[in-house]
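A quick write-up on the structure given underneath.
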């Protein structure tokens, strides 16, 4: 059986000598010797294509909604908003490979030509790795925000996040260079896949290990480590807050800490579980197929199809995790989706805004705290610039220090020294 590499690289005919990126499901669909009627294969291909198109539509709508909320309803984007924007963009572009995958399943051949094959596979791979790398970067950012909030404040800014996001896209493009070089539609075949030089088995195995390490196991290790340290930090902080002095003096703070611990724990479980659930079968099937070729029996079609669809389903679920679990995105979605009904309710007597939950209040409090930290950071930077201006000049004159807040600080005029007065009188 040929190796499984990218969700979109799914040839529908089997070439045991050189085909390298074939999905078992789609390869079997193109192989009439599997013992299944051609009519049954055609129906299966059409049904699978319809499922892919549904996943594509849902993913495009969800990620487009996230992108619109970030760009339209975020006046001053935070670090998390920048990463969510890039994640949604990568997931949305990742969805664009599904129509080509659906067409190849329905037609049992690639109708778009060799150049389009190479372009689709390259773009699909870039956005696949960008999506995974964005999840990893967001996990590192959450670790810095929770475990090292003070030391990381100067680095956790929107401009730095944009530069990191640009580096993620460049790194993803570099990682998929082998796809650009070796993908295409070989002569005598009608499918889009990767064709390795001899020895093809060694190249194929090396590429499977390469993509699995960079595309799953490496990011998973970083994500698990970050969230493990976050949980340890939150629990240690909660134990300090649960002290008797805190229970009597800072009861509201204790409650907020407990709610924050529960919220972070739920987010950790959701992120890690979804990531592992959607991507581990994909890469495990790759590795198993290298060690022991997978059977081409119709009984395994459902398993192969599920493994192909799960990575795309992860991109559909990301807007739910990173959008709907955030109060800020909830409000943005409500403004977009419930605008007509909200106008009707606003005309009804006694109607008011919905009551906020404890998590929403905690998130608003956290956003206010982050905004206050950003203002304090800007004030400290202003103080630093003013202190540099107030340093002694080349003539050795010392300027008086300023007092007041950062926004009110201005340099006071210097009093002339005795030498200056004498020099001035000599010129009169």
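Cβ atoms here come from the backbone N, Cα and C positions, even for glycine.
The annotation topological domain 'Extracellular' is assigned in Swiss-Prot to 1-45 (among others) on the grounds of sequence analysis.
Feature annotation from Swiss-Prot assigns N-linked glycosylation site to 18 (among others); the stated evidence is sequence analysis.
For 31 (among others), the entry in Swiss-Prot reads N-linked glycosylation site.
For 46-71 (among others), the entry in Swiss-Prot reads transmembrane segment, with the evidence type sequence analysis.
Taken from Swiss-Prot, the feature topological domain 'Cytoplasmic' covers 72-81 (among others), and the record attributes it to sequence analysis.
Long-range Cβ contacts of the transmembrane segment (82-103) within its own chain (Cβ-Cβ under 8 Å, at least 6 residues beyond either end) map to 7-8, 10, 48-50, 52-53, 55-56, 59-60, 63-64, 66-67, 70-71, 111-112, 116, 120, 123-124, 126-128, 130-131, 134-135, 137-138, 141, 158, 161-162, 165, 168-169, 192, 308, 312, 315-316, 318-319, 322-323. What Swiss-Prot lists as transmembrane segment is 82-103 (among others), and the listing cites sequence analysis.
Per Swiss-Prot, the feature topological domain 'Extracellular' maps to 104-118 (among others).
Sequence annotations record features per position, and here Swiss-Prot assigns disulfide bond to 117-192 based on sequence analysis.
Per Swiss-Prot, the feature transmembrane segment maps to 119-140 (among others). Sequence-distant contacts of the transmembrane segment (119-140), counting only residues of its own chain at least 6 positions beyond either end whose CB sits under 8 Å from a CB of the stretch, comprise 6-9, 80, 83-84, 86-87, 90-91, 93-94, 96-97, 100, 112, 164-165, 168-169, 171-173, 175-176, 179-180, 183, 192, 194, 214-216, 219, 222-223, 226-227, 271, 275, 279, 311, 314-315, 318, 322.
Note on the topological domain 'Cytoplasmic' (141-162): residues 76-83, 226-227, 229-230, 233-234, 264, 373, 377 of its chain, located 6 or more positions outside it, place their CB under 8 angstroms from a CB of the stretch. As annotated by Swiss-Prot, topological domain 'Cytoplasmic' applies to 141-162 (among others).
Per Swiss-Prot, the feature transmembrane segment maps to 163-182 (among others); the stated evidence is sequence analysis. Beyond the transmembrane segment (163-182), the same-chain residues lying 6 or more positions past its ends with a Cβ under 8 Å from any Cβ of the stretch are 6, 20, 82-83, 86, 118, 121-122, 125-130, 133-134, 137, 194-196, 207, 210, 214-215.
For the topological domain 'Extracellular' (183-206), DSSP puts the residue distribution at 7 helix, 5 strand, 12 coil. Under the heading topological domain 'Extracellular', Swiss-Prot lists 183-206 (among others).
Annotation comment: Swiss-Prot describes 207-232 (among others) as transmembrane segment, evidence class sequence analysis.
If you look up Swiss-Prot, you'll see 233-266 (among others) marked as topological domain 'Cytoplasmic'.
Feature annotation from Swiss-Prot assigns transmembrane segment to 267-288 (among others); the stated evidence is sequence analysis.
Among the features that Swiss-Prot reports, topological domain 'Extracellular' is placed at 289-302 (among others), with the record citing sequence analysis.
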Around the Cβ of residue 117 (disulfide bond), the count of other Cβ atoms that are within 10 Å: 22
